[in-house]
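Right, one structure below, let's go through it.
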């Protein structure tokens, strides 16, 4: 695939994670199964701790919000063998978390709980963040040219920092100038990208956004950002129209810096 130039006016690069810096399979085959496997144990062990209480509180608020919008988790009859209120409450939280994950929800409540669970898995070495081999050398080059580099992912900022802090290539957090998650807004909403531009002190046209998701690309484009679509193995197939509309890269190494000194 031919090289693509980053516009000369670019001062910052904004990166998606899943399917862009990191294989989608890492999230699907490593991170999510870890949550499903350890959820009950995590809740039972930490139920009385403040952090877990906050996570559960956020999830309950999300359930109320979903009920208001008629978008609720199907209520199952709780297993009659459950004896205590705590066990019943844990079961209900588990059902909601698993339902949200099955529906691929991006709620902040879900992402926060997941982030806290992954933290112990990364810290103990059970999980290491996967990064495509072209990512680190490219980011280092961009930084040498004076570009700032930010992350915007639906995973919580904490989960992002864990992935890059405990990566297969070591601690990479120094490569990034900041992290954004859905607390700034949905990734398919142009306003989110306007807010990111504001927070970074850049004009939208000075930011180049790399993602594998066309709905995100469109939202960033609507906000005035320059957009590149990343085509990686396992990413969603693009239509002919999308291929014609967007600049595509299969590796960060295909990006050329023109007019940057």
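Glycine too: its Cβ is placed from the backbone N, Cα and C atoms.
Summarising the annotation, TrEMBL assigns Mg(2+) binding site to 16, 18, 212. Long-range Cβ neighbours of residue 16 (Mg(2+) binding site) (same chain, at least 6 residues apart, Cβ-Cβ under 8 Å): 151, 152, 153, 187, 209, 210, 211, 212, 213, 216, 230.
Residues or ranges marked as substrate binding site in TrEMBL: 153, 154, 187.
The residues near the substrate site, meaning same-chain residues not in 153, 154, 187 whose C-beta sits within 8 angstroms of the mean position of the site's C-beta atoms, are 16, 17, 18, 106, 152, 155, 181, 182, 216, in sequence order. Put simply, residue 154 (substrate binding site) is 9 Å from residue 18 (Mg(2+) binding site) when counted between their Cα atoms.
Shown in sequence order, 17, 19, 20, 21, 22, 24, 153, 211, 213, 216, 230, 235 are the same-chain residues outside 16, 18, 212 whose Cβ sits within 8 Å of the Cβ centre of the Mg(2+) site.
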